[in-house]
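Undergrad: This is the structure I want to talk about, given as structure tokens.
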């Protein structure tokens, strides 16, 4: 199937009598309720459930193996190839399926808040609530922008269309396929709305580096003086909590680009976890869930329509989607200058990493590639004790290119803009999980504050004898003994043994990076 035929098929779909294009939020909310796709909550949000798929399906995600990208993609378990033939046949079937639907919903918008680098996109949805979701998550065009909008990538989403693995070359009924040549994302068999968000992120992770822009899985905020901070960290490290600072404005909570102009948000909204959400703990998120917001897999009281954020009957991965303007303390448009400070967050359950360390450029690249944290019991089926987990660049499921490409770009930008990088351990202190205790949140906030305001630039440090990290000896508001992890352990020999064990896990994980420079390994990793 040629690109021309793809465009003809899309044109027919978009011009069909069933296509509802660029409906407003109230119109979409009406459609969701009339079509019985979801319920209205007491705060005016729409609540919908996603059936058996309550999270992403990494084993069902494919990139079409096309001549123009075949030698650029890092093929493997994350970027699984599928043939053009399989894609073309499935694409044709999905389009025929959607043409028969009574209604389709179309959103046109952008990914990328920097107008120089934004990607015009369109999303064709079988579900009205999915269209409401993308309306809130991506960047909405002005009326003037809409008149000249020409989509460069299209998501075609048909959750009720089930693939046949024997015929379609998939691993299950669900599929998420990206064709870079045809500029199409094809999604079916899963109702989980996050697949649309993350598909566009994966695409930006391919397109932006081609323009010398580093794409990043991180949150970002800016201080009153215009100083920018990035927060990288896997689930459970405190990224959302620590980047929500009343004295700093949020640029974005999840996906960013770093160009020669500075940092920009890729999205126009937030997709926040809301398990155990409360106004006391996270008022920004709690207050953002108003009319037009989307709740995913959150249990709602049948009579009062009040959301119960503590109920994990459907999943622990309950989510809320809302536009950036639903939060008070933000920068709009979501662009800012070059980062002054970069924070890597890790929740080390072995209790051996320092609560804060200063990183050299090589150490920053090493820890960026490592993307370490601990997977805790309860976060994944089968995990009963904490396990070391490594997610390359803090976002391996979304990286189509070789990881070293992103790391090299990070190193170049750190050097060029003199960004200060810190590794912050929000995990355990005084012993490993089960013996020690979780790091005091007040101490972590004080350490991050000291990093942001430049106090750690002049403080005395000591080199950690196993990890080679520069550990500050004094941080305002934090007891000195907390800063050196060994001092918090009663059994010093047990500390050393556990630290060497983790250092060896870092080294074993790093063996997969065969294309990185020796400097990163020799100057960036553990020294014992």
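Placement of Cβ uses the backbone N, Cα and C atoms for every residue, glycine included.
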Undergrad: 429, 444, 459, 461: which one does Swiss-Prot list with 198, 217, 233, 234, 235, 236, 237, 238, 239, 240, 241, 282, 319 for the ATP site?
TA: 444
Undergrad: For the substrate site that Swiss-Prot assigns to 192, 198, 319, which of the candidates 56, 445 is also assigned?
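TA: Among 56, 445, only 56 appears alongside 192, 198, 319 as substrate-binding in Swiss-Prot.
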Undergrad: Between residue 319 (substrate binding site) and residue 254 (Mn(2+) binding site), how many Å separate their Cα atoms?
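TA: With the alpha carbons as reference points, the distance is 14 Å.
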Undergrad: If I take the alpha carbons of residue 254 (Mn(2+) binding site) and residue 192 (substrate binding site), what is the distance between them in whole Å?
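TA: Counting only the Cα atoms, the answer is 18 Å.
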Undergrad: Under 8 Å Cβ to Cβ from residue 56 (substrate binding site), same chain, six or more residues apart: give me those in sequence order, or none if nothing qualifies.
TA: 192, 194, 195, 198, 397
Undergrad: What is the separation, in Å, between the Cα atoms of residue 237 (ATP binding site) and residue 217 (Mn(2+) binding site)?
TA: 14
Undergrad: Using a Cβ cut-off under 8 Å and a sequence separation of 6 or more, which residues in the same chain sit near residue 241 (ATP binding site)?
TA: 281, 282, 441
Undergrad: Determine, from DSSP, whether residue 233 (ATP binding site) sits in helix, strand or coil.
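TA: DSSP call for residue 233 (ATP binding site): strand.
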